[in-house]
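Note sheet for the following structure.
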Ligand SMILES: NC(=O)C1=CN([C@@H]2O[C@H](COP(=O)(O)OP(=O)(O)OC[C@H]3O[C@@H](n4cnc5c(N)ncnc54)[C@H](O)[C@@H]3O)[C@@H](O)[C@H]2O)[C@@H](O)CC1
Ligand SMILES: Nc1ncnc2c1ncn2[C@@H]1O[C@H](COP(=O)(O)OP(=O)(O)O)[C@@H](O)[C@H]1O
Ligand SMILES: [K+]
């Protein structure tokens, strides 16, 4: 069982194409189903620790995996039963079902078990679950102590993360690759903890789960997405090579203060706070805002938008920021003021859902929408939320799975903007800087645990810098 960190994410269509290519290369669908079912059985056997198991099998290949797993668990000596929503329909599922020699209970009358394995529908689900399937699924899920989904919980939209009747599971065993539903809400919540079971289908994708930073030596050995890097000072570093970040302050001073402190704590060598105000930290360099102050060629990133306000004066500050021709992180109010056709290529935009819809509309799933917005603007888009999607104009996407729901507190977005500014000013390209900032932000939140405030989060960035 492999964690999702850095793994490719494939849509149902991409997964089918990868599976077909594997079959053309000589591996039969039965072999793939065998590997899937055996892998699921090994994991379930370990998780069940001797408790009784009921496997719910659907009509397609997800159900086929269930029958294979049931036969394998029986061979392992587990107390396993099968309940089916109907007869197997796909040819491979028919062959798999023939290998299960025990009784098959009707789903509607199935007795509960301590361990529920949900193999009703996988990536092939094409419409919401009918009541006659959803009702017994939920009844059996409520009665079980542990709920394990095969590939995806039955009743989620694999590509868009919609919930179409699924019962919430504790563990999802994803076959070969992550699917968007494992990361995108609300389906991700129905998945519980997601672990991968490899089944020997080579997969490539432009979409990956955001990976943790890996130490230098381990990078080539890990067969995952390019890992993120956190820029670290060397013996010859000085404050400007570590990155100078200018933060444009506006009417709501606290927000830009948070961004400034976050930039410092994320590792910037020099943070220039352009606005009124005084007080600690003493290392923060404060200057009144002027267009001239943004002309300093050493500035490696300008963060504009946190607490900026939306009046004519702040619009001029945004215009001056755009005219400075320095790398930009555009957040908050600046996302409401900006004309999307004037966004300089190479900028990083950090919209939450509302800001994103205002700029780019709402059509399509979150990954597709974000990728399209990046291609349209030439900017890296960090589409925030419990399932933050980061898209580059060239089509690369990473999705951050593990945040912390405690991030849903005022000011945490300002902290993120500052952290990304620090990464960009240190020389990372916009996509890498966005990924590094989002990772630092999530890691700091997880470290803090419950009920922190944005000020704590900014401070905690130092501790997860590594
Ligand atoms: N992609 C791969 O490499 C592999 C995939 N396998 C499994 O195959 C699954 C995909 O299999 P399928 O494409 O057969 O699809 P599913 O098994 O997910 O379900 C498709 C079947 O359910 C029906 N159906 C769809 N929505 C329904 C609804 N709401 N109510 C009632 N019936 C509905 C369809 O008409 C079809 O008969 C994966 O999730 C995975 O578990 C494995 O068997 C092995 C390898
Ligand atoms: N439920 C949640 N789970 C995980 N992360 C969340 C959740 N809610 C918000 N976040 C994260 O918290 C930050 C909030 O940013 P934003 O909405 O701009 O807030 P603010 O403007 O108050 O700073 C974003 O990084 C977002 O991804
Ligand atoms: K399933």
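We count from 1, first residue shown onward.
Every residue, even glycine, has its Cβ placed from backbone N, Cα and C.
Note: TrEMBL annotation is automatic and uncurated.
Under the heading domain 'YjeF N-terminal', TrEMBL lists 15-207.
DSSP classifies residue 61 ((6S)-NADPHX binding site) as helix under the three-state reduction. Counting only residues at least six positions away in the same chain, the Cβ atoms of 29, 33, 90, 92, 93, 122, 124 sit under 8 Å from the Cβ of residue 61 ((6S)-NADPHX binding site). Residues or ranges marked as (6S)-NADPHX binding site by TrEMBL: 61-65, 122-128, 151, 255, 307, 352, 414.
Summarising the annotation, TrEMBL assigns K(+) binding site to 62, 118, 154. Over all protein chains present, the Cβ of residue 154 (K(+) binding site) has 28 other Cβ atoms lying within 10 Å.
The annotation domain 'YjeF C-terminal' is assigned in TrEMBL to 218-466.
Using a 10 Å radius centred on the Cβ of residue 384 (AMP binding site) and all shown protein chains, the other Cβ atoms total 24. The AMP binding site annotation in TrEMBL covers 384, 385, 386, 387, 388, 413.
Counting only same-chain residues six or more apart in sequence, the Cβ atoms lying under 8 angstroms from the Cβ of residue 151 ((6S)-NADPHX binding site) belong to 36, 62, 65, 122, 123, 172, 173, 174, 175, 179.
Those same-chain residues not listed among 384, 385, 386, 387, 388, 413 yet with C-beta within 8 angstroms of the centroid of the AMP site C-beta atoms are 352, 353, 383, 389, 400, 403, 407.
With respect to ligand 3, the binding-site residues 62, 118, 123, 154, 386, 413 contribute 62, 118, 154 as residues with a C-beta closer than 6 angstroms to one of its atoms, given in sequence order. Checking the binding-site residues 61, 62, 64, 126, 151, 352 against ligand 1, the ones whose Cβ sits under 6 Å from it are 61, 62, 64, 126, 151. According to DSSP, residue 154 (K(+) binding site) is assigned to coil rather than to any helix or strand.
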